[in-house]
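Engineer: One structure, pasted below without further comment.
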Amino acid sequence: MDLEAAGGAAAAAGHGKRWRGESWRATLLLAYQSLGVVYGDVATSPLYVYKSAFAGDDIQHSAGNEEIYGVLSFVFWTLTLITLLKYVLIVLRADDGGEGGTFALYSLICRHVRAGLLPGGGTRDELMEEDKAMGRHGERPVSRVRAVLEKYRVLQRLLLLFALLGTCMVIGDGVLTPAVSVFSAVSGLELSMEKEQHKYIELPVACAILVCLFALQHYGTHKVGFLFAPIVCIWLLCISAIGLYNIIHWDHRVYRALSPYYMYQFLKKTQTGGWMSLGGILLCVTGSEAMYADLGHFSQSSIQIAFISVVYPALVLAYMGQAAFISQHHNFESSYHIGFYVSVPESLRWPVLVIAILAAVVGSQAIITGTFSIIKQCSSLSCFPGVKIVHTSSTVHGQIYIPEINWMLMVLCLAVTIGFRDTKHLANAQGLAVITVMLVTTCLMSLVIVLCWNKSIFLALVFLLFFGTIEVLYFSASLVKFHEGAWVPITLSFIFMVVMCVWHYGTIKKYEFDVQNKVSVNWLLNLGPSLGIVRVRGIGLIHTELMSGIPAIFSHFVTNLPAFHQVLVFLCVKSVPVPHVQPGERFLVGRIGPKEYRLYRVIVRYGYRDVQKDDLEFEKELVSNIAEFIRSIGEYDKNGFVEDTDKPSEKLSPVSTGIPLWEEDGDLNASVSPHKEVDPQNIAPKRKKARFMIPKSAQVDSEVRRELQELMDAREAGMSFILGHSYMKAKSGSSFIKRIVINFFYEFLRKNSRGPAYAANIPHASTLEVGMVYQV
């Protein structure tokens, strides 16, 4: 399968381009760094895989070692087929502008198919500029899958629900992985103290480590990142060396268990019990999805090099070494003889215990950060209530911290740890979450092969059936343990799914109300140049979700307020389902009505990985781009009128580089003698005046200069931000379910969530909020 060539086109955009042309030295450095961020989760799986597989009464370890050899064979081939073949060699190539994860796959599909359900973003037409930037000129051949998906709205809704299901399971994994990893690492205390003491120490120690882990999140990954890679490297070196020692010392013929024949023998002997034990064997690939989700921090080649050359061999040696030791020891108590620490030489158990706890913390850190990232993606695309997003690194945008989500994860993680108090139930819960995300990724990936890579549907079906069959087998084994812990991720996912669906539904209804109640341009033209009111100095920014037409809030202002600003800007801030929007494509600027009205429309687009600037920088960039639009449109529009149609792409133009602003210090203290002592406290701060720098080569007429001068004067007079504060209410006669969803659930989420990201950066002294009731 030539999937590499097919995936090359999909990886050509965004900041994924920055990895091209990197030297081997830089690639190897990235590979080393990825060990601490990407592989902490999968590297700690040997702590609990065998113990989870043999937990309960599903299978017993007999003297013939058929069971342990069968489990080793399943672990080896699952790690090889799922993690190595599927994720490392295939799925990693399906990046969305350098980003990975379940929601990135969904946005990648939406960018190639008219299947987007997100307001103001997600369709091919609205992101055609990015296609041109990626060199994909012209229309693609319409496949049957694409035609069917674009035709039926119900399939588009199912696609979105499917992506949200995978997202919810990732959040559930963010709750369960820290609990499983830390609890399994701490369980090594049971071999160093009495059993009664162990009962009272293990749980408090695990909870204390978890509290410290979540309490340190606000410092950011970058401040402790230099510790991550060495810890994981030491851990991998440790488990591989112990594994090699156990193979040589106890059973050097354990390599025979790598044959698939032992899987057949295992299932033949154990039957139903062996099938149920697959839920524990599955945990050997936990962290594979996190590896794909963290793709944005590294390059494909660096992640592949790190896994193939370091992680994969170390894990194989570790699992083989444990199997070799267990195969020669049948005299331990059942609660001890399968665990990881029993295979560690007694003189090394305490150092290994310390390293294991540190490695578990690193692995937990990776999945928590991944949970933050995926919730940010959903929030940016109107699929999750607004949350506070803190960027902990000025250089790596993916390193973020979300306080509300962090403390929620901590409470849930402590709850499941205290509630279960053993790795058996925790592992069952984590296994179902992991395999569900993998199934979602497999299904979405098969669509990517057809729709984005333009491969045959036969190749997509081969991918779907091969990996889907393996994962369905594991999924059934995990689901059957519903009463033994697997209900936790289902319950958590159901709650998060309800929240996401209600928020998305309410957002769609609000957007539809804005579209249906927008004011026509003819109504505006009939008001005349003065708009029927007094125009005062300054710039008025009216925030709206509309990309065309006049929002209804403007008619309320015109009707009820006696004055308005001399320059009005209808500002629409959109989050589009791409990781990054290039600076030259971020601003779309147009004019509403005749030139003398001084009404402009600006659409600002952000990707779900972009960082929005503060109010001062944003204000400068906004005014600069409007000025550049005035200058450029003056060269082509001699009549000074731009038709306002319902197609924003026909009247809005991207502004690649705005007219630069230079600021001069106003000398307010020029009359003060240089020899006279001056009290610093009595000196007022110097005011800065902004001036536009029109390029010398530009041919600008007097009308354009007058318009630029008025814009400059308005900016110096000040800028006011007008925000609409909407209240949603179901129409009379609506169904009972709709009234419950809109009047109670959505309104509850809206009241308890944060506003848009740009609203947080707006100075309160310059903000005016107007309440409106939306009957939907």
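A Cβ is built for glycine as well, from the same backbone N, Cα and C atoms used for every other residue.
Note that TrEMBL annotation is computational and uncurated.
As listed in TrEMBL for this protein:
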type	residues	note
DOMAIN	30-525	domain 'K+ potassium transporter integral membrane'
DOMAIN	538-775	domain 'K+ potassium transporter C-terminal'
TRANSMEM	27-48	transmembrane segment
TRANSMEM	68-89	transmembrane segment
TRANSMEM	158-180	transmembrane segment
TRANSMEM	200-219	transmembrane segment
TRANSMEM	226-248	transmembrane segment
TRANSMEM	273-293	transmembrane segment
TRANSMEM	305-326	transmembrane segment
TRANSMEM	350-375	transmembrane segment
TRANSMEM	400-420	transmembrane segment
TRANSMEM	432-451	transmembrane segment
TRANSMEM	458-480	transmembrane segment
TRANSMEM	486-506	transmembrane segment
Engineer: What stretch in 27-48, 200-219, 305-326 has the biggest tally of Cβ pairs under 8 Å against the transmembrane segment (68-89)?
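Structural biologist: Top-ranked stretch among 27-48, 200-219, 305-326: 305-326.
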Engineer: Looking only at the domain 'K+ potassium transporter C-terminal' (538-775), report the model's average pLDDT.
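Structural biologist: Value for the domain 'K+ potassium transporter C-terminal' (538-775), mean pLDDT as a whole number: 70.
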Engineer: With pairs fewer than 6 apart in sequence excluded, do the transmembrane segment (27-48) and the transmembrane segment (486-506) have three or more C-beta pairs that lie under 8 Å?
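Structural biologist: In this chain the transmembrane segment (486-506) does not contact the transmembrane segment (27-48) - fewer than 3 Cβ pairs sit under 8 Å.
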Engineer: Count, for each of 158-180, 226-248, 273-293, 400-420, 458-480, the Cβ pairs lying under 8 Å from the transmembrane segment (200-219), and report the range with the highest count.
Structural biologist: 400-420
Engineer: State, in range form, which of 226-248, 305-326, 350-375, 400-420, 458-480 has the highest count of Cβ pairs under 8 Å to the transmembrane segment (158-180).
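Structural biologist: Between the stretches 226-248, 305-326, 350-375, 400-420, 458-480, 350-375 has the largest tally.
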Engineer: Counting Cβ pairs closer than 8 Å, which of 226-248, 273-293, 400-420, 458-480 has the most of them with the transmembrane segment (305-326)?
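Structural biologist: Result: 226-248.
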Engineer: Looking at 226-248, 350-375, 400-420, 458-480, which one has the highest count of Cβ pairs under 8 angstroms to the transmembrane segment (273-293)?
Structural biologist: 458-480
Engineer: For the transmembrane segment (350-375), name the stretch out of 226-248, 400-420, 458-480 with the most CB-CB pairs under 8 Å.
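Structural biologist: Per the Cβ under 8 Å count, 226-248.
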Engineer: Other than its close neighbours in sequence, what residues sit by the transmembrane segment (458-480), given a CB gap under 8 Å and a spacing of at least six beyond its ends?
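Structural biologist: Distant contacts of the transmembrane segment (458-480): 1, 78, 81-82, 86, 90, 275-279, 281-282, 428, 431-432, 435-436, 438-439, 442-443, 445-447, 449-450, 486.
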